[in-house]
Every structure is written in structure tokens, then in C-alpha cells.
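The feature divalent metal cation 1 binding site is assigned by Swiss-Prot to His63, Asp101, Glu223, with similarity to another entry given as support. Positions annotated as divalent metal cation 2 binding site by Swiss-Prot, on the basis of similarity to another entry: His64, His219, Glu223.
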Amino acid sequence: MNNLELEQLINQKLSSDKINDYAPNGLQVEGKTEIKKIITGVTASQALINYAISQNADAILVHHGYFWKSETPCIRGMKGKRIKALLVNDINLYGYHLPLDVHPELGNNAQLAKLLDIENLQPLEKGSVSIPVWGELKEPMTGKDFAEKIEKVLNRKPLICIENGPHLIRKIGICTGGGQGYIDLAAEQGCDAFITGEVSEQTIHSAREQGLYFFSAGHHATERYGIKALGEWLAKEYGFDVEFKDIDNPA
């Protein structure tokens, strides 16, 4: 498939044009025209690029790409080396951030919920697009049991605050990645618990004082599954040779 056709295909699937983001979504670095082999991963790090080069990939598809609004526009240093490697090897780089977080089927929230047996997802925020969501545990469980479930599923021990929550978790808020700022909204919406990737100092106070359990399961760990699902969809529906490469990150 043509590289621009692939961009259009993913844009349409993820409804990228309907979501305001702080990074460009779509084809970020243009490479060869024809695409057959795709490497997917969470972040367009040098390690992922090197792996794609070793596999003779035509494209890299990630959740965390480049050209964030807060970063310098200069192509130098670490960013310069990464982009040079892409250009020299004629590899396309596609990045999809918030559209991949919120997609109801392939998104990070939806995929994490599926893995943790959380059903009936609903938006936490009012408006057309909600980044955080809430759902119901298929089987209510204690905070301790849910922490053990997270560790087993994600292969990572979560940071937890389970001091003042209810006896059993039924309703749980979800926002993968750096979503700790939504904990107060989850409390307002009557959630028994909130799971995200990161934690801030004030997050623990919010959990303690508002009486809900909090689980920080890792930015990388909670966002592996959306990009993986997107790649699997491309392989199944369009016949691409797709490989998900997990470049481990404890953060």
C-alpha cells in the first residue's frame, strides 16, 4: 500500500481529524512510497528505529512520535539522530497520540480495560471526546486483589494507594499514560478506584481524602496495547507484515 494511503486509512479508523492534540497525528517523517513491513511500538526511540532498520521495515507506527508543541523545533541532538536514521533508511514514521488513547475498540483505555476485565466503558468527561473513561469490573474485588491482577496482567508491580477505598471495587476510572490529573474527576463521578500510568505527589492525597483506591501501573505498561491492537488490525484487515516490538521502559 502507498504510504499516503496508509495514513488516510488510519486517520479514518481513528477519527484523527475530530480530536485536538498537542502533537501531529499521522505521517510525521516520510520515507519510501510502498509499505509492506511495519514495526509498531510505544515510542519512536532510537532503539525502536534501530530494530526497524535491522528488520528492513518500511514503516514504524507508534503512540509517542515527534514534534510535540512544547518541544524545540530544532532538528539536532537526540531528535536529530533519530530523524536522520529514519531518512537515511527511507523509513516512514507514523504517530497517533490521543486518537489512539480514546478509540472505543483499539484505544489504550479500551485495550487495558479488556485485559483487566472491565466492562461497559463510559466517558468521564462531558463533551464529544473524553480522554478518561469509567467502567465496571466484571467481578468486584478488593483493592489488594485488583493490584495483584494488574501485576499479573501487565507484568509490572503497580504503585498503589488502597488505604481509604470501599471494601470492593465495582466502578473504576481509567486513563492510560499520564492521566493522574483525572483522579478528582473520577472521585466526583463516584468511582471506587482509578487506574492510570503515572503518579504525582498530590495524587495520593486525592485518593486518601476522597476515599477511592488508586493504582499507578506505568506509563509505558498501560500504553503498550493500543498500538499493538492497531497493528494487528492492519495485519488482519489489509495483509501487512506487522510486528510489535516492546522496548522495555520501567516508567
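Count begins at 1; order follows the chain as displayed.
Every residue gets a Cβ built from N, Cα and C, even glycine.
What you see is a predicted model, and the numbers here were worked out from it, not measured in a lab.
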8 Å Cβ shell about His63, Asp101, Glu223 centroid, divalent metal cation 1 site members excluded: Val42, His64, His97, Leu100, Gly107, Asn108, Thr176, Gly177, Gly226, Ile227
Alpha-carbon distance [His64 (divalent metal cation 2 binding site); Glu223 (divalent metal cation 1 binding site)] in Å: 10
Rounded to the nearest Å - Cα separation of His63 (divalent metal cation 1 binding site) and His219 (divalent metal cation 2 binding site): 12
Reduced DSSP assignment, His63 (divalent metal cation 1 binding site): strand
Intrachain C-beta neighbours of His219 (divalent metal cation 2 binding site), sequence separation six or more, cut-off 8 angstroms: Thr176, Gly177, Gly178, Gly197, Glu198, Asn249, Ala251
Winner by Cβ contact number (other Cβ atoms within 10 Å) across the binding-site residues His63, His64: His63
Cα distance (Å, whole number) from Asp101 (divalent metal cation 1 binding site) to His64 (divalent metal cation 2 binding site): 11
